[in-house]
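Listed in TrEMBL for this protein:
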- ASP151: Mg(2+) binding site (BINDING)
- SER196, ILE197, ASP198, ARG233, MET240, GLY241, ARG242, GLU296, ARG324, HIS330, VAL331, GLN332, ARG333: substrate binding site (BINDING)
- 1-12: compositional bias 'Polar residues' (COMPBIAS)
- 50-355: domain 'Phosphofructokinase' (DOMAIN)
- 461-747: domain 'Phosphofructokinase' (DOMAIN)
- 1-41: region 'Disordered' (REGION)
- 1-422: region 'N-terminal catalytic PFK domain 1' (REGION)
- 460-844: region 'C-terminal regulatory PFK domain 2' (REGION)
Amino acid sequence: MDAMDTSPSPNKSGVVRPRRTSFTRKMSVLGEPGKEGQQVPPGIWAGNSIGVFTSGGDSQGMNAAVRAVVRMGFYLGCKVYFIKEGYQGMVDGGDNIVEATWSSVSGILQMGGTVIGSARCKEFRDRSGRRIAAFNLVERSITNLVVIGGDGSLTGANCFRQEWPELLSELVESGKITAQQKEENKHLNIVGLVGSIDNDFCGTDMTIGTDSALHRIIEAVDAIATTALSHQRAFVLEVMGRHCGYLALVGALATEADWVFIPEWPPEGDWRDTLCKKLTAERSLGQRLNIILVAEGAIDEQGKAITADDVRKILCDELKIDTRVTVLGHVQRGGSPSAYDRILGSRMGAEAVLALMDATPGTPACVISIEGNSTVRVPLMECVERTKEVQANMDKKNFDEAVRLRGKSFQNNLNTYRLLSKLRPPSSHIKLDSHAVQRRQSWKQDPKCFPFTDHRAHRNLAIMNIGAPACGMNAAVRSFVRISLTKGFRVLGIHDSFDGLIRNEVYPMTWTEVQGWAGKGGSFLGTKKQWAHDVGVGKIALKFAEFKLDGLMIVGGFEAFHSAYQLAEARESFPSLCIPIVVIPCTISNNIPGSDFSLGADTALNEITDICDRIKQSATGTKRRVFVAETMGGYCGYLATLAGLASGADAAYIYEERFNVMDLKQDVEHLKDKIQNAGVQRGLVLRNEMANENYTTDFINRLFSEEGSPVFTTRMNVLGHMQQGGYPSPFDRNYGTKMAAKGVEWLSEMVEKYTDEKGNVRTGNADTVVLLGMLRRHLTFTPVTELAEETDFDKRIPKEQWWLKLRPLLRILAKHSVVSYEVEAEIKANIDDDDDDEEGEHIL
């Protein structure tokens, strides 16, 4: 694809459209881009009817999808029907098929499960049952279905679609419908959404409900860890997933579990002996608890089931460890959906309606999937067949192929777990932590006193945090320390950013001192918002030389990226700065170029969403109240926009999308109309802290209060630093662990590559000061000097931001009448043939 205009430009609705670049991606084998990125005028599909239903097991986020189907359908001019109780309701008909209204989906976004019900249906499996279902749909002229469920539910929908013409012919012959009705309803269009906590459907990075289930798992493990520590116990937890180990695998990474059993990767050899030796070694290091996760479908190499009770018996009999079993069960499918699942359900639901609109009689049934940060449409049955192929390979004990078919993200999670599970502390580190104070004092006097294990331990890799604290920092540090130690490096922790470096607060880090860090918020190393130039690049260079740094990882926000750029620019003047440096983006603002997602942003998004839920709940008794809440983010509107989608906000004001007093007045009128005529008793408006220097949060609150009276009253909330706190989400724990692991691999390669004959590490190349970020689905190292060209340093934001394409969807779901669904199109095209070898990633 040719490079396109790279300057941002506003569209007709005033939305600043992200720049298009020459970067393109290889088209998926299965899918094609969705319409989330094209202009779709309102009302263009008037006269059509859509039915939406949930089937099979419930999962958090289904209600968000239902809400999006209804409201996108209304936007396009359609009638939308709820089909209650899944296929059973379709067969029973009557009051089970009812027309949806705007207010009927108000307030369901934060609810778990499915408000329209789900049930198994034996009758639908027979042709006679499907014929009755067809009659009930034809009676209401429903020829478009959105199916939210698992692979079984989607397969049933495709069968129904294929039989549709014959079923209608049979209904005509029996006199149930007329020939005219048959002609008017001759084609049935099906679009599927995968709602399943198991994440076992091939063709999508994530299924609706998986992220929420992971939240439940880590909440349970975090709670269990406190009691286990008190009694020096081991806990064996059984998690769901049927024949897919995704939940157990990612849960193990996020909770620092000592062992995980999953069906795709049976334990090798005499795993009982290996397990006992591993736990014995950890106990010898002073570890007071052990956590083991067992997927409900876990098996050994012979295909024999491994249960939680089996593992408990081994620990009790062989190691005499007080061991308890906890079966999490349906707790994992309960509770309020996470912010990610709400946004995922909303995006998929809206795209499903657009896919129905585009469908023709020859279009195969498709399923809406998420690929990186884009929605795509993939042929339903191809995905179902590939999903079945995974199980077929597992039955044949061809586990490597089963893992491959699960996708790149599953492979990367497994590889990271394998790496971390095989790590062992160097013998010299076993007893050092009990003498931490003495050790650090000795290090100040003589850095050579700290022992090392092999020929590379004279190489020093350092890590530091720069910028505001964000969840995920500690997970990255833990991963960095342990992997670096096992590679034979000496690891130095730089405390309190550059100030600590200048004050010589640089200490060796050991294996056990980072135990438990992955699940903790804040920054144990200490962090400050400062730039390299603030302290003095010359002073920093002197300290690099004094501590003989051979490589550096900086985990932090925009200040971390900017400081790395300043160090790269000063290399010609200071040779000690000519070492490999990698930046891991970690900030709740998600405002760093070179990465679609930053560590900490997901946790902050969940915190904001939870707070908004509570704020809205507080209006339950007072009625007719609008809340104006201010979010963090600097000049970046990511948090306000995504939190707006996740919390069902009526508007989200950001710097990137200009607004004026007339826009504010229009939103007041919208809220008045919604409260007076739609039966909705509350409203929520979000404002990014730097959205506009004149239209402050207080100004907007006062304006809404004045213009909304007497229909509604207003209250203002500044969310503040609550957004930076809390425990890291599953994504941030996992993401930090994987990013740091990949960063250490890169640093190790660069140290080996650029060590000269005298044993010094010296490189002046621009590509050795890099930022490691997730772009689309790939973890990518990008030189900071290149990223500087794509950065607005004054406003501290990238010039191109992918999430701006979600802005119109936010307004559509809030029922703004003057809006066009116009955003940047996600273009897929062929690129280099070796793209399949790149590392595939997604938000988890």
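Cβ from N, Cα, C; glycine included.
Features as recorded by TrEMBL, highlighted on the structure.
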residue	record	Cβ neighbours (10 Å)
ASP151	Mg(2+) binding site	23
SER196	substrate binding site	26
ASP198	substrate binding site	26
MET240	substrate binding site	23
ARG242	substrate binding site	17
ARG324	substrate binding site	17
VAL331	substrate binding site	16
ARG333	substrate binding site	20
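ARG333 (substrate binding site) and the residue listed as 'Mg(2+) binding site' have their C-alpha atoms 17 Å apart, to the nearest angstrom.
Here the Cα atom of MET240 (substrate binding site) is found 17 Å from that of the residue listed as 'Mg(2+) binding site'. Comparing VAL331 (substrate binding site) with the residue listed as 'Mg(2+) binding site', their Cα atoms are 22 Å apart once rounded.
Across the annotated binding residues for substrate (SER196, ILE197, ASP198, ARG233, MET240, GLY241, ARG242, GLU296, ARG324, HIS330, VAL331, GLN332, ARG333), the two most widely spaced Cα atoms sit 33 Å apart.
Annotation: SER196 are the binding-site residues among SER196, ASP198, ARG242, ARG324 whose CA atoms are within 10 angstroms of the CA of the residue listed as 'Mg(2+) binding site'.
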